[in-house]
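Below is one structure, written out as structure tokens; the observations come after it.
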Amino acid sequence: AAQPKTKKTLGKSGVKNVVVVEGVRIPFLQSGTSYVDLMPHDLARAALQGLLTRTSIPRDVVDYIVYGTVIQEVKTSNVAREAALGAGFSDKTPAHTVTMACISSNQAMTTGVGLIAAGQCDVVVAGGVELMSDVPIRHSRKMRKTMLTLNRAKTLGQKLSLISKIRPDYFTPELPAVAEFSTSETMGHSADRLAAAFGISRVEQDEYALRSHTLAKRAQDEGLLLDVVPFKVPGKSRDTVTKDNGIRPSSMEQMGKLKPAFVKPYGTVTAANSSFLTDGASAILLMSEEKALAMGYKPKAYLRDFVYVSQDPKDQLLLGPTYATPKVLEKAGLTLGDIDVFEFHEAFAGQILANLKAMDSDWFAQNYMGRKSKVGAPPLDKFNTWGGSLSLGHPFGATGCRLVITAAHRLKKEGGQYGLVAACAAGGQGHAMIVELYPQ
């Protein structure tokens, strides 16, 4: 590891220091591949077991477990509890599940930070999971209503009367919404409009996506993705998954052949410059600094200031990082130049490039953010240099933990002190957090 820079620490008098002891994830896989026959709690359990193996933390020492997820499996609506029991944690350890779209595990982590900072807990496991290979599909509302009424019918005549009213359209299934509830617009469509609004070309988006895949492949080949733990898939005796399978460096020529995915025929967002449907799970061990040291652990990083933001879900759906970054920097007393490592969630190449342009625009800062001047754009040589969601994958509920542990590993590798993690989320929301390298 390179020697870290020496800057002020962000510890605050009277506030407990919260540290990241370790973070892991099972390989992120394209949906419909090796995890296709599993349930979400299987993936979360595997991540938790990987964390237990990596840290040797006694299961009954953990005070609380909190997990993030987005599309919930109805049989395991509190997936945190089911996964924890399956992983062998004490049945006396409470667990709950949170949902906040693509920043669900960010919310899980900051919930843990709050519990520790408030003195309620010393050891919290946070994480996230998503299984897009199997999402709940419901009967139509008309059919559900008929079936529930049928269940209450007392006589054969009442039942036959209800059955006779069923029409063919009752059998049309309801898929999970892929659109914003408030605007009825898909995120991909919104990303296309955002790219157009900021004048980001198809070529620029493809170039950024190619960068993400190329950097991810290099990081994978060089063994830098230290958070990945192998997962022996239940029911498949020969199938042990050891690495992410969505990293596929292509060429500009091949990417240029793809047709627009959302705004047809003139849109610029394609399958190649968007994050893909992903299955995966992550887990991170958080402790008070005192507890970690007392147990003999060497923490990786401190979790410092964080903010959540929200704005108009129609025109600014994916601009969360732009709004959150200056707020978290001000809260921490830092400038953009103090940040050594940036880890931003890549929903779409156009979304990332639009955020970078917005962050570097005085006009946008003055007209939309009520700020006198821009915060500035992160330099690309510090930005997602081990790949991002476009290449590594994006299991909605699990990405936040990947961002944080990657930031910690990059800080150690590159000799930096401060990392900034940021992400956008459905509903026009966003998150940003400062990660500080633990003294080496």
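Yeah, the Cβs are placed from backbone N, Cα and C, and that goes for glycine too.
Counting only residues at least six positions away in the same chain, the Cβ atoms of Val70, His345, Ala347, His394, Phe396, Thr399, Gly400, Ala423, Cys424, Ala425, Ala426 sit under 8 Å from the Cβ of Cys102 (active site, acyl-thioester intermediate). Taken from TrEMBL, the feature active site, acyl-thioester intermediate applies to Cys102.
TrEMBL lists His394 (among others) with the feature active site, proton acceptor.
Taken from TrEMBL, the feature active site, proton acceptor covers Cys424 (among others).
In the predicted structure, the domain 'Thiolase N-terminal' (18-290) carries a mean pLDDT of 95. The domain 'Thiolase N-terminal' annotation in TrEMBL covers 18-290.
Helix, strand and coil residue tallies for the domain 'Thiolase C-terminal' (297-436), in that order: 60 helix, 35 strand, 45 coil [DSSP]. The domain 'Thiolase C-terminal' annotation in TrEMBL covers 297-436.
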Practice item. Look at the active-site residues His394, Cys424 and tell me which residue has the greatest number of other C-beta atoms within 10 angstroms of its C-beta. Key: Cys424
